[in-house]
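In TrEMBL this protein carries:
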- GLU77, ALA78, VAL272: FAD binding site (BINDING)
- 508-517: compositional bias 'Basic residues' (COMPBIAS)
- 56-491: domain 'Amine oxidase' (DOMAIN)
- 502-524: region 'Disordered' (REGION)
- 1-26: signal peptide (SIGNAL)
Amino acid sequence: MRSFSSFFLSSFVFFFFLASVPLDRSRCVAAARKIAAEDALDAKYSFDVIIVGAGMAGIMAANTLSEAGIDDFVILEATDRIGGRMREADFAGKRIELGANWVEGVNETTTNPIWELANKHKLRMFYSNFDNLSSNIYTQDGHFANKLGDIYMKKLDDSSEWIESLGIKKSQSNSADISVLTAQRIYGKVPSTPVEMVLDYYNYDYEFAEPPRVTSLKNTQPNPTFHNFGDSNFLVADQRGYSYLVQKLAEEFLDSKDGVITDPRLKLNTVVNNIRYSKNGVTVGTEGGKSYKAKYVIVTVSLGVLQSGLIKFIPPFPDWKIEALSEFDMAVYTKIFLKFPYKFWPSNGPLTEFMLYADEHRGYYPVWQHLENEYPGANVMFVTVTDDESRRIEQQPRNETIEEVHEVLKNMFGPSVPKPIDILVPKWFSNRFFVGSFSNWPIGVESYEFERIQAPLKGALYFSGEHTHEHYNGYVHGAYYSGIDAANRLLACKKEGKCIDEVPQAPPHRRGSKKRRNVDEAEMEAIKERDAARQAWKKSAM
């Protein structure tokens with residue numbers, strides 16, 4: 001912290017500068033006042049609440065506290081901006097989204113809060129039409145697999161419906177979880193050809209950033225986001241950025257001027273590296289050597305950061321908390337942006353916006369999207385990779401990635417395809433402030449584990465972030481709701497004395513040793529329904 005003497009010196013120097021140099025006095029006075037306000041804030045010994053992270057979860061937590069009359073807080077953000085994984089960059093003369101890009105889950109009776117915010121602030125969005133995707137499949141040998149794709153898509157739709165019904169039955173009966181891949185095996189159809197695999201990739205990996213072999217059936221099928229909010233998606237293509245929504249939320253309780261937050265309660269470029277907590281309060285230390293004290297802290301960093309050990313917690317987490325955090329996966333989802341000298345891909349309307357590349361290696365540059373609808377004449381497209389491919393591509397030289405995507409595009413569109421003249425590869429996994437893109441729910445992890453992830457420690461340390469939301473983990477609206485939830489748990493403790501400080505218990509059937517799982521009643525019922533449907537289909541086809 002700055003001492004009183006440093007506060008006096010900084011103010012004296014600034015006013016001396018003001019008196020001796022003929023500059024804009026009003027701007028200088030404003031700057032001096034800002035320094036004085038920051039010094040006064042830093043000189044404080046304690047706050048009510050410290051919030052670590054200024055993404056959607058952190059800003060919504062602060063917003064909720066402010067609405068409840070608690071304004072004595074400070075927000076510590078490691079990067080140079082708010083928004084978290086809602087992050088933009090300049091590319092090809094446009095502002096593109098490196099992270100979160102869609103408002104997902106639109107058009108049902110229950111309104112997605114992110115959709116409401118996007119419309120309130122007139123965010124520029126485009127409907128993503130995936131209906132014709134099976135007719136836009138390209139193979140390694142240059143063939144256009146539209147007819148084959150339509151056939152496989154019908155089979156995939158049938159399989160997906162059955163798998164979702166099995167997921168519902170398992171959830172309702174509280175029976176043992178299985179992976180999506182296991183469900184595919186039970187159904188009797190595991191994708192094996194390149195065209196089948198890329199359609200399967202689009203259906204699962206493109207959504208969860210991990211393959212069916214590790215993704216939970218019971219907890220992801222049907223997907224709560226689309227089941228509860230609707231199955232439409234809208235791509236954000238706004239020069240203000242998707243994070244503009246977080247900015248506007250922050251402006252509701254933080255001082256700002258001309259779109260820039262000036263409130264000293266927001267500390268950017270402040271990397272938290274240790275948190276000491278007890279029933280008596282918390283002390284948060286930073287890499288810059290400063291310490292902030294408070295009665296409570298809400299930690300909103302990503303699951304990947306918590307798993308990485310960037311922040312040292314003193315005392316260490318109890319075993320049940322460590323196990324819960326370790327059970328979940330921090331997936332990696334990478335959009336590789338490419339700029340070309342001219343357009344060579346089909347772009348006659350929204351039905352050609354998305355394309356699939358069917359490689360023998362599942363997940364090799366599989367899902368392509370041009371931005372001609374959003375940014376006409378920009379000659380920009382991007383390809384999405386996930387999981388191990390994301391990690392591999394992050395580590396390799398830029399030129400190697402350009403060569404790989406060029407070869408794929410030549411396979412898709414012919415040998416005359418030009419090389420990209422620019423490329424941008426976001427490195428979510430390598431970035432120590434994120435260590436991945438979003439969380440995924442793996443097989444065998446029960447819902448009570450979310451209670452353990454959410455559970456406060458010592459009544460002083462609280463947790464938030466998309467990875468803490470049981471129904472919408474991995475989504476922007478999950479982060480939104482999690483910030484509200486964490487703040488409300490803290491408020492219940494502070495105002496009502498309802499401080500949670502106990503270990504959420506596992507259900508009886510989850511305690512003790514794990515034995516080999518037998519096929520349960522829900523699976524048997526689903527298998528019978530599948531067989532009956534197949535018999536009915538055979539009779540109708542005769």
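All positions are counted from 1 along the displayed chain.
Glycine too: its Cβ is placed from the backbone N, Cα and C atoms.
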Annotated FAD contacts GLU77, ALA78, VAL272, maximal Cα-Cα distance (Å, integer): 8
DSSP-derived structure type at GLU77 (FAD binding site), helix or strand or else coil: coil
Residues close to FAD site centre defined by GLU77, ALA78, VAL272, Cβ within 8 Å: VAL52, GLY53, ALA54, LEU76, THR79, LYS267, ASN269, THR270, VAL271, THR286, VAL301, PHE433
List of residues, in chain order, with Cβ under 8 A from that of GLU77 (FAD binding site) and at least 6 apart: GLY53, ALA54, GLY58, LEU266, LYS267, LEU268, ASN269, THR270
List of residues, in chain order, with Cβ under 8 A from that of ALA78 (FAD binding site) and at least 6 apart: GLY53, ASN269, THR270, VAL271, VAL272, PHE433
